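These notes concern the structure reproduced below.
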Amino acid sequence: MKKYAYNEITVMQYIFLIHGAQVGIGVLTLPKDLALVAGTDGWMSIVLGWMMAVIVSLILVKAMSRYPEMTVIEILELLIGKWLGKAAVVLIVLYCMLAAMTIFSYAVSLINVWLLPQTPSYVVVLLFIIPACQVIQSGVRVLGRYSELIFYLTLWMPIVLLTMWKNMHWLHLLPFLKEGWKPIVQGTPSTILSFIGFELAFFLYPFLQKKQYAALGIVTANTLSMLVYLSVTLFCFGFYSPDEITQFTWPTLGLWKIIEFRFLERVDILFLASYLFILSTTGMPYMLFTVFSTTQLLGKQDHRKHLYIFLALILVAAFLYTPSFSDIQILVKLWNKVGLVVAFGFPILLWAATTFIRKTPKEQKA
């Protein structure tokens, strides 16, 4: 019997878990970030970032395929020893915790600014924690189903966005390569950071039912994320002038404020409410694998106690301190820097280790 048979996920759930983890904060901020560096040619940087993410993703899958029934935590302990492995796991826990806290803080800030400005942040945090606890405590399989459901429930967004087509000024995009390739290459790091999330395949791989489709699944997830970023960025570039877009903190939200229907005026509020579900599919996997890692680190099986403690600490922290927007921006920048190393550096190191250090679980026990 497989070690994680009870929590196995399908290829579709695997795809939507990775895609959901990638498409988060970048949807709101990427168009401005690219416009500042590469102008209206910034959309080409997204394609370059996607190519790099796909290459590293395939390296990650190749590394994990050598030990298909083991998590990255178990692989590290096997390859570099028990104590060094545990030290590496602590770093993984800190990274997942940083990612979860950053996304959580960002979501709460959005709600306080756009939807509930008079509501204390700790109340908003409590409203987030209750459903998050229900999903995460049930394990990877339920989280995979949740991510798949949210993907289908948000398919209306690109359809509604197409109603803005008549307001687009596509001449803003011309001429292509107006300043050459240099600004496009300089804009690529911003897009690479938006693809952070595929590194969760380190944890998801042993839970995948049909591991022969792991490479195809992770490429599909990256491609879906690329299409989302590309469409949002092109629409923002087409709607705003090259100088105007740099004046907005969240140009995507400004775009949705223009959309109106006879039966619904504030479409942006509907978008933002739905977008919070998308952010939840970004943050929840990191929360799950934070407590999953601490559970394995201590040699336990049930991650729920660790989850309750983690969520309680978040609630207490929210009650004692409300981060400002500048504080959250610092968190985002820190996560981006650390994520660049973890998502794009660690897979290459693990692949090299699994290639040159040939060990089996039997050798570890011996």
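Note that Cβ sites are derived from N, Cα and C of the backbone, with glycine treated the same way.
As the structure is a computational prediction, the values presented were derived from the model and not from experiment.
Here is what TrEMBL says about this protein:
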TRANSMEM  12-30  transmembrane segment
TRANSMEM  42-63  transmembrane segment
TRANSMEM  83-107  transmembrane segment
TRANSMEM  119-137  transmembrane segment
TRANSMEM  149-168  transmembrane segment
TRANSMEM  188-208  transmembrane segment
TRANSMEM  215-240  transmembrane segment
TRANSMEM  269-295  transmembrane segment
TRANSMEM  307-326  transmembrane segment
TRANSMEM  338-357  transmembrane segment
Listed stretch, out of 149-168, 188-208, 215-240, 307-326, that has the most CB pairs under 8 angstroms to the transmembrane segment (12-30): 215-240
Selection from 42-63, 149-168, 215-240, the stretch that has most Cβ pairs under 8 A to the transmembrane segment (188-208): 42-63
Intrachain neighbours beyond the transmembrane segment (307-326), with Cβ under 8 angstroms and 6 or more residues off its ends: 97, 101, 104-105, 108-109, 120-122, 125-126, 129, 132-133, 136-137, 287-288, 290-291
Candidates 42-63, 83-107, 149-168; stretch with most C-beta pairs under 8 Å toward the transmembrane segment (338-357): 42-63
In contact by Cβ distance (the transmembrane segment (42-63), the transmembrane segment (215-240); 3 or more pairs under 8 Å): yes
Best-contacting stretch, by C-beta pairs under 8 Å, relative to the transmembrane segment (83-107) and drawn from 42-63, 119-137, 149-168: 119-137
Non-local residues, at least 6 beyond the ends, that sit with Cβ under 8 Å of the transmembrane segment (269-295): 16-17, 20-25, 27, 73, 89, 92-93, 96-97, 99-100, 103-104, 106-107, 110-111, 114-115, 128, 131-132, 135-136, 139-140, 143, 146-147, 150-151, 153-154, 157, 160, 197, 200, 203, 253, 256, 301-303, 306-307, 310-311
